[in-house]
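To start, the structure under review is shown below, and the notes come after it.
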Amino acid sequence: MAEDRFPGWHGTTILAVRRGGEVVVAGDGQVSLGQTVIKGTARKVRRLSPGGHEVVAGFAGSTADAFTLLERLEKKLEAAPGQLARACVQLAKDWRMDKYLRNLEAMLIVTDGETLLVLTGAGDVLEPEHDVTAIGSGGNFALAAARGLMATDLPAEEIARKAMAIAADICVYTNGNLTVERISK
């Protein structure tokens, strides 16, 4: 899925898989400008610990915009420790109402090991119906592969790695250099 909302810059696949009491978030390392790979080892999945409560976040879109959103999410989490959904809804409200934030071009997947949410560029907070979600240029490929692999007995991390490998084989804006973070509640 090409992201027309982010013209010029392409190249992110972030996938989250929840299974067996843990959530695994995986992201590829490729950043492209047009038809050129600018970097192959970008780290788009981060572990945050605001107020001592661990959260894992993966981002797609503009890196600077994503970092701005991550910083604001950390502040919301400090104000509502251990309440990921509440912090994300508060961030989404700001995102929709603030003139500056409305122009940010990024999406986030966030989890505390129990709650799994997607924050869209439109300021929406979505909880996936299934225990899998994905964003970015290869997100649909990774999502389809992971949903198929959920029918197996594979653990979450293996599902994430296999699905990301499939996405990297299909999407030219996704590579196999993965950052993988696991978190459980």
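Glycine residues also receive a Cβ, built from the backbone N, Cα and C atoms like all the rest.
Features as listed in Swiss-Prot:
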type: ACT_SITE; residues: Thr12; note: active site
type: BINDING; residues: Ala168, Cys171, Thr174; note: Na(+) binding site
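For the binding-site residues Ala168, Cys171, the largest tally of other C-beta atoms within 10 A is found at Cys171. Other residues of the same chain near the Na(+) site, with their Cβ within 8 Å of the Cβ centroid of Ala168, Cys171, Thr174, are Thr13, Asp28, Gln30, Ser137, Gly138, Phe141, Ala142, Met164, Ala167, Asp169, Ile170, Val172, Tyr173, Asn175, Gly176.
If you count neighbouring Cβ atoms within 10 Å for each of the recorded positions Thr12, Thr174, the highest count belongs to Thr12. A gap of 10 Å separates the Cα atoms of Cys171 (Na(+) binding site) and Thr12 (active site).
Rounded to a whole value, the Cα-Cα separation of Thr174 (Na(+) binding site) and the residue listed as 'active site' is 6 Å.
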